[in-house]
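In Swiss-Prot this protein carries:
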DOMAIN    61-287  domain 'RNase H type-2'
BINDING   Asp67, Glu68, Asp186  divalent metal cation binding site
Amino acid sequence: MNSMPHTESNILQVERNIEQIDIKGQYINLASPIHLSGQINITELFAEYSKNIAQSDTGSALQIGVDEAGRGPLLGSVNVASAILPRAWSGLIEAQLLKDTPLSILTDSKQLSEKKRDLLYPLVQQYAIGYIIADIPAAVIDQINILQATMLGMRLCTEILLEVIAHHLNDMAQDIHQLQTAVLFDGNRCPELNYTSLAQLGIKESMIDCQAWVKGDARHTSIAAASILAKVSRDKTMYALDTEHPEYGIAKHKGYPTRAHMEAIETYGVLSAHRRSFAPVRKALES
């Protein structure tokens, strides 16, 4: 099986809580902190970087897949993840680059059973060169709307991953200016990155190729990997909420507006984790 060496000594853990954010030059105090977590395999990052600068063609660029989970539910966070797979594993799903790897069953998380997603989740974490998972709480969704919350999550997952990469390449006395990165966002639009902040780390806008991939989670392995991280991490928060509020049946509907969920809201009321800006919740509060 084609797998990477992976030891704990190579791993840098990443944890951030974002309470204030710069959006187009304006600082906004978030209604609730955005939590981000992840890790980087420093040894594999350096190996991929060396391959990156040894090849001048665009196909050698470091590829970051980005996807979200949970835009539609009435309850809980929207989760976003970014993931970097080994370059030999990163490409079109139809090319079967993962055929002989531990991630051979990886495809769009929506096409996989929950059992397979749960199986893939730790494997993606283990074999990814790096990943970041963001949890954007309902209060922030209500503050800036679900689209902007999703775009902000995509932006933060990308920027923090690039920031950590830049710091460690600079620490290893590597020329960061030779790094070329393709960021592949699932969907039909890309978030606006804070290029001013990235430039302070040595990452120029010309070094980043942002691409929007419609149905990218079913087309590209790196986006599919991010999809697994986002989906399973959100499911975990739903199961935790279900333990706290079993009467709502959250483990079954995961916060989506099913009949059972709407009946639970009518019977037991609106939870603090409900998205008050969403029409069904807003109507329940008004009634």
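Backbone N, Cα and C define each Cβ position, glycine as well.
Sequence features annotated in Swiss-Prot and their locations in the structure.
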{"residue": "Asp67", "record": "divalent metal cation binding site", "CB count, 10 Å": "31"}
{"residue": "Glu68", "record": "divalent metal cation binding site", "CB count, 10 Å": "27"}
{"residue": "Asp186", "record": "divalent metal cation binding site", "CB count, 10 Å": "25"}
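Close to the recorded divalent metal cation site, the chain also has Val66, Ala69, Val80, Ala81, Met154, Phe185, Gly187, Gly216, Asp217, Ile223, Ala226, Ser227, Ala230: residues not among Asp67, Glu68, Asp186 whose Cβ is within 8 Å of the site's Cβ mean position. When pLDDT is averaged over the domain 'RNase H type-2' (61-287), the result is 95.
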